[in-house]
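Worksheet: the structure to be examined is printed underneath.
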Amino acid sequence: MDQTAIQAADAEAATANRLKYMPGFGNDFETESLPGALPQGQNSPQKCNYGLYAEQLSGSPFTAPRGTNERSWLYRIRPSVRHTRRFSNASYPLWKTAPCLDEHSLPLGQLRWDPIPAPEEKLTFLQGVRTMTTAGDAATQVGMSAHAYVFNEDMVDDYFFDADGELLIVPQLGAIRVFTEMGIMDVEPLEICLVPRGMMFKVMTTGEQTASRGYICENYGAKFTLPDRGPIGANCLANPRDFKTPVAAFEDKEKPCRVHVKWCGKFYVTEIGHSPLDVVAWHGNYAPYKYDLRTFSPVGAISFDHPDPSIFSVLTAPTEDAGTANVDFVIFPPRWLVAEHTFRPPWYHRNIMSEFMGLIHGQYDAKEEGFVPGGISLHNMMLPHGPDALAFEKASNVELKPVKLDHTMAFMFETRYPQQLTKYAAELETLQDDYLECWDGLERKFDGTPGIK
């Protein structure tokens, strides 16, 4: 290993051991990993300190309203034009993009899967993405895709950016390190992270886990933001201070590297002679972040009835129609159940929205059996769903005293658009053939006579 590589490795290790973050959501941050690297009083000096290049990364049109205008200024060792050369076609056949109407024989229905098994071969994060559903059209920046991932090998000299959308990553098994152009995030199960559209990054494992598994929402539309609280007021749900954006960190590495790109559903790769993660300082509001789901402050019914699940929204990606989401990220965290003379689990429902669910930890209160950590369920537009027979009987007859629903964390990617199943998902060996039978015990109780049955 040459001296430059040793210094780069030492610098990366030292940086990783003291990861720091800046609190806040949508803030205009500033950070530098070398003193004086960040220009003061202007964005684009004639010459930057340390011989750096100034470059702007825009996440919105220049003329977007101030409240939705996103950009960051990066001060880097090389400009991004040096981070791509001639592209070659690449293939990741299990990562699909909307519109995707794969041919398969699985008919319409409510669906549930056990966890995707750990890979037998070596897979990086990029190689381990498996698309379950797609919705909308990435080329028109509408809709989303829901993926699962499994991997057991680090992206060492491989880097990736997604021009089709931002990536919301939800680890379920194994902590990961996400090294982006703008800093490093360590993310463990019960945390999430978001990598903005077009931002270069690589993913590695951390800790003792030999394989990592989780979920990804690829959001093609308007970026995720915090939902309006309405009458809830100024506090609760996901509070801005609990979102953490990494401080600047860079990788000064001179060796053959590969940059992979996803653009309008196709993959490309280019070879360069250095790391593209070379941003020494930056300022702006277009940035990655992480969030600990355990800091979510839930609200709920303190008298009777079960409120709509929208009260559990962590993030929402809006459309032009007010209150109609391109995709919502919703969680079902630990909480107290105290409603009186009320059926406390989620009620039976048919919905214009399409719901992709995963379970990070514990049990889900409407499905105590069959829906396991690492599992997936899909309840598509207007298909009925709700508690299974066991959960219904238990909740209908239990003594209604205050109960702490603990040791649980389920989530949902909910979109306005129908979610089309991929061939991979339709033919996955972990698909539960007997899922629909969970409602078989819901027998007729009506006999025409009044009274509680």
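Cβ atoms here come from the backbone N, Cα and C positions, even for glycine.
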Inset, instruction - Could you look at His341, His349 and say which one Swiss-Prot places alongside Glu355, His385 in the Fe cation site? - result: His349
Legend entry - Cβ neighbours of His349 (Fe cation binding site) where a neighbour is any other Cβ within 10 Å: 14
Inset, instruction - Specify the count of other C-beta atoms within 10 Å of the C-beta of His385 (Fe cation binding site). - result: 20
Inset, instruction - Other than His349, Glu355, His385, which residues of the same chain sit close to Fe cation? List them in sequence order, counting a residue when its Cβ is within 8 Å of the Cβ centroid of the site. - result: Pro346, Arg350, Asn351, His379, Leu383, Pro384, Gly386
Legend entry - C-alpha spacing of Tyr364 (homogentisate binding site) relative to Glu355 (Fe cation binding site), in angstrom: 15
Legend entry - Cα-to-Cα gap, His349 (Fe cation binding site) vs His306 (active site, proton acceptor), nearest whole Å: 12
Inset, instruction - For His385 (Fe cation binding site) and Tyr364 (homogentisate binding site), determine the Cα separation and express it in whole Å. - result: 14
Inset, instruction - Please classify the secondary structure at Glu355 (Fe cation binding site) using three-state DSSP. - result: strand
